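S.K.: Provided herewith is a single structure, encoded as structure tokens, for subsequent inquiry.
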């Protein structure tokens, strides 16, 4: 038994961890608290969360944090190495790399958010419908998924961008369109494991419609593994976006997109290494952050090991 | 007649893999009666129950509930008449729904008002206070979960309760509590019960009449008084009775397969 | 029996699992001795009955910890035995049969091959000899057509037959002690009785000791010689199986009373009210 203390925080903790919640909100918060307590025990996951939060803060406060305007050129100060005036050096147009990275965080976050909001959702709808209805619905939806999966991701994204024209919005659309099939497969697999469960039968015997069962009973059970997968995939999304940017098919100059920044630094990579290395380092950190966060979320949301 | 089943047949699979799970079962249950359906695994007893409940739509024959002929696909109103409780209390409650959500769902589906009062009433009815209302299933014991499952079945105020091995996953002391609860609910609400089980003692405790099934067929119907006196006609039923009386070396030797 | 020393001597056996709030004890000081007899361990879920059975073979899943003042099999201290020695004891000297054969049989090996393999590991016999012994063993657990079953895969046999195959596999090295953990709970009553008859015969013919872990009071009372009743990790009562109906402890009496009976008229069953004092006594 732990000794009870009368500090207000202990009171809150008791309220959150009680076995007898008195309202819907308390039950929900208590559950969230238990998840957070489990998450907190994984140090690396907390580090990942801090990196992702830092990305959000930097993106939100970009104009305040950036010491220079991201487009401000200084042709006399081209390709300067890191110094007190320019912490991360300057690029071929004399623009401050740190400021461009800080503003680039907005683009990265936008790409991540847009892909995360579209592809898993599409996959969830397609996968749960295929898994729940089975039969010809399953066959049709899964063959479409197979076809989409058969294309190499970057090549398909290239094709879409080529068709839609280069630009960051089209890059996002291309990435989203090429990345839903794995989510559909996961959602379908999860659906197949629960659709014969007694609690689904029970819902049918309440007279619940298929839509209600999929939305209210099946999707909540698929969401956990999709969130984990999405988080882990975000590193790949950032890299794909950077790859498209690098190939000149994503963000267009002078947008400070990290991949495009690496591309513009590649001709100086031997003498002025920081021009390409700094954005590369930013991509590395943020990708790592999402991977660590994803691993931690898996422990909390998807405890299959237990 | 509350439930009237004529020549029910259920087949699974196609072609050479076809398995006849239920092979021409005819039986009826009177209103207010508690009826036991007994058999070993593969006897088809649960399949009969699932056909009546509307969970299984691949059957032929005739099923009438409360005088209304039922097709394979049920009308929404049917579920207000007839509800079911499952065997495994760990599998029959959605792991991410609170008790409140589990009980509110049927009320919302059928557009019944006054959800708060109904949920409180039904929770009290099954012997769980309002303090259980906002808990998740993982915060409940097996017996408490089964009470929630019974509450979910009762919230629509059905006239028929189908019970699929409702106590076989529970400890004996909890089984006694659930059996007592079911008996009380039956009296208070005038429920018709159909209890599927392999346990003759449970049938003897809760039912008025029973039918014994083996390999998809109905072996015999009898009253619980006859069961208590061991007055079965069929050798298969007598063998089941002997097997239920504990281990005996000589008796075990005498067992045979009945086709 | 010439050898009068007990097969198994257990004193103050404890099994503990670390949790966030400290150590939780699943078994709290269980003591008993076992001769060449059938000892039943009965209790409800969470009573520690399965953990007691497993801890004898040190099969408690990590991070669980087993401790005891004495845990001796024919005088040999099992807690001090090396991992290698334990492997040798498991299977050859002490066998264990669990509830569900599906998880204990290798799905990609024919059942006959698995039984023969179990024999060869412990006896260094040749392949032909092992197969002959395996077929004999299948016949001993009353499988009607051993030759045909020998070449089946686990998914091709029924639950009752799977459990008989498990028993054949565990008993082929001729162990001195069998730990049966709910070996028949997943089976139909008639099949259950047939499997028990096989165990019964093997015990009496080979002079094997048996620990029979079960939740089923009536079954244990009719099958075993002696019974331990466990509650919350402790043995609250032990008695001869034939005298279970005269049990003294209120927990045992409550359990017996809460069982529905075929020969009693319908009516409310007495409900067990748990006395906190039982936790300590």
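Cβ atoms here come from the backbone N, Cα and C positions, even for glycine.
Unlike curated records, TrEMBL annotations are generated automatically.
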S.K.: Could you tell me which of the ranges A:44-66, A:67-89 is annotated in TrEMBL as transmembrane segment?
M.R.: A:44-66
S.K.: Please figure out which one of A:44-66, A:209-228, A:273-294 racks up the most CB pairs under 8 Å against the transmembrane segment (A:107-133).
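M.R.: Comparing A:44-66, A:209-228, A:273-294 against the transmembrane segment (A:107-133), the winner is A:209-228.
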S.K.: Mind pulling out the one from A:44-66, A:209-228, A:235-253 with the most Cβ pairs under 8 angstroms to the transmembrane segment (A:273-294)?
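M.R.: Per the Cβ count, the answer is A:44-66.
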S.K.: Below 8 angstroms Cβ to Cβ, which residues of this chain, lying six or more residues outside the transmembrane segment (A:209-228), approach it?
M.R.: 120, 123-124, 127-129, 131-133, 183, 186-187, 190-191, 194-195, 199-200, 203, 294, 297-298, 301-302
S.K.: Can you tell me which parts of the same chain pack against the transmembrane segment (A:235-253), counting only residues 6+ beyond its ends and a CB-CB cutoff under 8 A?
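M.R.: Cβ under 8 Å, 6 or more out: 107-108, 111-112, 115-116, 153-154, 157-158, 161-162, 166-168, 171-172, 174-175, 179, 259-264, 283, 286-288, 290-291.
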